[in-house]
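First up is the structure itself, then whatever we jot down about it.
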C-alpha cells in the first residue's frame, strides 16, 4: 500500500482534474480520460486507488493530526500541581448532587432523621480531628484545645461538624454550594452567641475561595464530601492551596469495593432506607490507595488511614482496622518548597484500586457483630 501523503495528494489531483473536466465547455466529457491528466508511467498505480481506501486513509490522517496537536497542547499547558494556576472555570460541584441535598436542607438537625448517621459519626470524627491537630502544636488551652486555629469545613451542610469544632475553640469557616444548607446552618448557630462569633458560613464552592484564601487555614475538613465531587484531583489541589505549610487535611469517605456497593447503596438506600435513594454514586467512591496516590502527588503526606463501621441497629460508629466500607484519612501539607514529583506515584493507578476492591475479608463480619 502507498504512503498516506502520496495517496492523498494524488487522489486530490485526480478528483480535481475530473471536476475541472466536467465544468469545462471546451473539453468533451466523453473524451476525458486519465491519460489526459497523468503521464502513462503514473497510470499503473493511480488506477489502483479505490474510493474506500482514499476515504479510510483521509480519516486516519485527520485523527492522527488531531490527537497529535491535542497532546502537544496538553504538554504545553501542564505544570506541577502545586504551581499550576487555578482556573475557576473548572468546578468540583455536581449539580445533580446539589438537587438531592437541597430537598433535604431542612432536615439536618433532626437527630433521628436521614442525617442520624452523620450526627452519630461526630463521636469518631471530632476526636479524630482534635487529637491529630494537637500533635502538631506544642501547647494548648484546657477546655479550648483548638483555640487560635483556623479551620475550613468544606461541604459543611447544616453545620453538624462545624459547630463541634467551634466549641473546641477553633475559628471555623463552613462553605457549601447549596444556599438552603447555609441558611439552616446560620439559623442553628444563632442560638449560641459564642458559636455565632467563632463560625462563619458562606454559600460557595471550594474553588471559588481559593484565590482569596491561599495558605490561610491550619486545617481543612472534607467529611463525607469527596464521594460527591466530580473532579477529585482539582478538589485536592484546592485543599493544598488554602492550607498553611504543615497544615492538616482531614477526609472521611467511602471505599470503592463490592461490599461498599452492597451495604452503602443497595442496603442503606434501597432496602433499609437509612439514607435517601440517590444520595451516593458508586462510581465516585474512592479507595484509600487511590486517594493516597492523589494526595501524595499533590504535596500532601498521608499520616493516618483508619476504617470506620456503622451499626444500623445500634446507630453507633466504631473504629476498625478494615477499610472496606468507610474510612478516615489525615494528611499533612509539607512545609518544604520542593515537593515530590507526580511521576513517582503515577504507576500506583488501577492495580492498587483492584486490590482494594478485593479486600472484603472476614474481618468485616467480625466488626459488624460488635
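Using the three backbone atoms N, Cα and C, a Cβ is placed for every residue, glycine included.
Since we're looking at a predicted model, the values are computed, not measured.
Look at Swiss-Prot and you will find 1-86 tagged as transit peptide, backed by sequence analysis. Look at Swiss-Prot and you will find 125, 155, 176, 223 tagged as S-adenosyl-L-methionine binding site. Under the heading N6-acetyllysine, Swiss-Prot lists 144, 150, 197, citing similarity to another entry as support. Per Swiss-Prot, Mg(2+) binding site is recorded for 224, 227, 228, and the stated evidence type is sequence analysis.
Residues 155, 225, 226, 229, 253, 254, 280, 284 surround the recorded Mg(2+) site, their Cβ atoms falling within 8 Å of the Cβ centroid of 224, 227, 228, which are themselves excluded. Distance between Cα atoms for residue 197 (N6-acetyllysine) and residue 125 (S-adenosyl-L-methionine binding site): 23 Å, as a whole number.
Annotation note: residue 155 (S-adenosyl-L-methionine binding site) sits in a coil segment as assigned by DSSP. Cα to Cα, residue 176 (S-adenosyl-L-methionine binding site) and residue 228 (Mg(2+) binding site) are separated by 12 Å.
Residue 150 (N6-acetyllysine) is 17 Å away from residue 125 (S-adenosyl-L-methionine binding site) when you measure Cα to Cα. Put simply, the two farthest-apart Cα atoms among 125, 155, 176, 223, the recorded binders of S-adenosyl-L-methionine, are 19 Å from each other. Residue 197 (N6-acetyllysine) falls within a helical segment according to DSSP. The secondary structure of residue 227 (Mg(2+) binding site), as reduced to three states from DSSP, is helical. The Cβ of residue 197 (N6-acetyllysine) has 11 other Cβ atoms within 10 Å, all protein chains considered. A simple Cβ count within 10 Å picks out one of the recorded positions 144, 150, 228 as the most packed, and that one is 228.
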